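Chemist: TrEMBL feature annotations, pasted as is:
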- B:1-13: compositional bias 'Low complexity' (COMPBIAS)
- B:1-21: region 'Disordered' (REGION)
- B:30-50: transmembrane segment (TRANSMEM)
- B:85-299: domain 'ABC transmembrane type-1' (DOMAIN)
- B:89-112: transmembrane segment (TRANSMEM)
- B:119-139: transmembrane segment (TRANSMEM)
- B:175-198: transmembrane segment (TRANSMEM)
- B:226-246: transmembrane segment (TRANSMEM)
- B:281-300: transmembrane segment (TRANSMEM)
Amino acid sequence: MTDKTEGGDVRLAGISKHYGTFTAVHPLDLTIPQGSFFALLGASGCGKTTTLRMIAGLEEPSTGTVGLGDRDVTHLPPYKRPVNTVFQSYALFPHMDIYENVAFGLRRRGITSVKKQVDEMLELVQLGQFARRKPHQLSGGQQQRVAVARALINHPQVLLLDEPLGALDLKLRRQMQLELKRIQTEVGITFVHVTHDQEEAMTMADTVAVMNAGRVEQLGAPAELYENPRTTFVANFLGTSNLIQASVESVGGAGGDVDVSASGAKLRLPVARCSTTPRAGGQLLVGVRPEKISVVPADEEHTIGAGRNKVTGRIVDSSFIGVSTQYVVDSAVCPELEVYVQNIERDGRLVPGAEVVLHWNPEHTFGLDAAQSMLAGTTAVAGAEQLVEESA
Amino acid sequence: MSATAAPPQAAAPAEPPAHKPSARKRLVPYWLLLPGILWLLVFFVLPMAYQASTSVQTGSLEEGFQVTWHFRTYWDALTEYYPQFLRSLLYAGTATALCLLLGYPLAYLIAFRAGRWRNLLLILVIAPFFTSFLIRTLAWKTILADGGPVVAALNTVGFLDVTSWLGLTEGDRVLATPLAVVCGLTYNFLPFMILPLYTSLERIDTRLHEAAQDLYARPATVFRKVTFPLSMPGVVAGTLLTFIPASGDYVNAELLGSADTRMIGNVIQSQYLRILDYPTAAALSFILMAVVLVMVTIYIRRAGTEDLV
């Protein structure tokens, strides 16, 4: 494709969007490298779709500029931008057949011999035999593929996807995720994908920007975001985190570690994994992912190796979900510690009511600024935050 | 309650009849149709049959009319009054075209741009219906009165010179000219154009406009390729609701026109109520109905609305 050599990065410089007194997007700087699969991830109302629409030109930014490569496209109308969108509801033209829907963009640019390209594109999305059907005669998944074909046939510099898989059922969604990823690798066009599904973002994207209340909370590769969240929002929104309120006892002890204590438990974590600079005597939120924790019955505490973080507690709930068992453990440091244990050899003693010891490698512990809400990004709070934001 | 609340086991054998409904259940739709059918029978089919029979009668009011299968009445009526037929179709067609030209931008504005004024504008469109058709047409007589401000203004800007040259007005008069009749028709039937147009425009998902723009369509192209085709059901409904009653209208030609602007409605009215030639009046009515029916059928075929979603 010629586009690999042309085009360039998408550069958002200080773009923001206000609707009256409501700020949908706070001034935002973002560079999306050419050819990458970039995901904007966040709960509904976080400003991710508005950001996407500003790149498409469907929304004019209140401040800031949108650049494509070296070109400033901030004031270009959508029909002059080398950018195409796959809309959330597909927005296929109901009065045209599939062939004409796909040919629409080419015809608007004055290309008359479209047959070869349209046929090729319909083959790419495996809809060749449906060319003369009307959109309403296709299933949701097929319509979605038409929407992708209709946008891709124009070889845009950037393809914008606005929750394109939201209307599909789970199985089809997984299939389309792989399909889209395959197409992206094949055509090498920059994809900007908006989604509220963290699993979808992590599966598909090279880089994920987590958005919350009109701001980018954190940006990075999926594994980086998951392993090293810098805010409680990211820690909770992306997967699940156990957060423990702790006070710092000493910093830079053995090998640059931080020693903290929480309700009597002594825990240790590397300084490098703290998103804030810990001070002795200060507070720190200590986090650990549920799958990093091992669990043993209380009377086997002696089997745990030295130097591991240990917390005692009692199982209050356990649910078997096939590949793993999820335990909820009540402990002094946190009333609801989540622990995921792989179902390799199931220990019959680990039932609700059992006294247990949880332990994990201190390397797997991360530290966050204690000044923020521990609940940010959990499902219960997401809606409430949005309300506050809207009334502000 | 105890009779209907059957235990689950008893409900299972009752399922197969769901595919083969009982005689009583099968009759329900027909019972529901009955009141409407009866109404149409009494107030539509019977009068039509009566008119059809009248149209082939001969006689006079004094001697009474008798069915003599005198189909010649149709031919005579057509040859005598074809100018009025043609004029009716021309005036109605012109008024329909004007309604479309005036109504489309307004309906578009209300559907897409009016924001919180939408309901107010819709009420304003419907507002004329709160006054009788007759009163409104009479008001136009005052508005277009000779020497009135409207005519004076049109005269000053030279508009009437142009329309006189086109044969639409005579001298510095607007009343009693084709222009007045067409204006009256346009005014009276405009809401019947706007409302269906609005309904079909309002149903269009504005994301389709965005999608079209995203696919390199300029605003004018978006309208030509997306908005207008999708509003075709409204265009067809609006033109039919305007053209059909306008072609049979006689009030506008009666109040705003002259002997030279008589439409077929005026002829039928005078045949019925003044000349008392019932067979000719009935024959004219059926000819008008047939002509309109044929035109509408061709139009709908051409517009191809069945292809639209």
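Every residue gets a Cβ built from N, Cα and C, even glycine.
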Chemist: How about long-range neighbours of the transmembrane segment (B:281-300): same chain, 6 or more residues beyond its ends, C-beta under 8 Å?
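Modeler: For the transmembrane segment (B:281-300), the nonlocal Cβ contacts are 51-52, 54-55, 73-74, 77-78, 81, 85, 88-89, 236, 239-240, 243-244, 247-248, 264, 267-268, 271-272.
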Chemist: Hey, which bits of the same chain come close to the transmembrane segment (B:175-198), Cβ under 8 Å, at least six residues off its ends?
Modeler: 91-92, 94-96, 98-100, 102-104, 106-108, 110-111, 122, 125-126, 128-129, 133, 136-137, 140-141, 144-146, 163, 167-169, 231, 233-235, 237-239, 241-242, 245-246, 249, 251-253, 255-258, 261, 263
Chemist: So what's near the transmembrane segment (B:226-246) in sequence-distant terms, Cβ-Cβ under 8 Å and 6+ beyond its ends?
Modeler: 91-93, 95-96, 99-100, 103-104, 107-108, 185, 189-190, 192-201, 204, 208-209, 212, 217, 292, 296, 299-300, 303, 305, 308
Chemist: Where else in the chain does the transmembrane segment (B:89-112) make close Cβ contacts, counting only residues six or more beyond its ends and a cut-off under 8 Å?
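Modeler: Distal contacts: 118, 121-122, 125, 178, 181-182, 185-186, 189-190, 192-194, 197-198, 201-202, 204, 206, 227, 234-235, 238-239, 242-243, 246-247, 249, 253, 261, 263, 291, 295.
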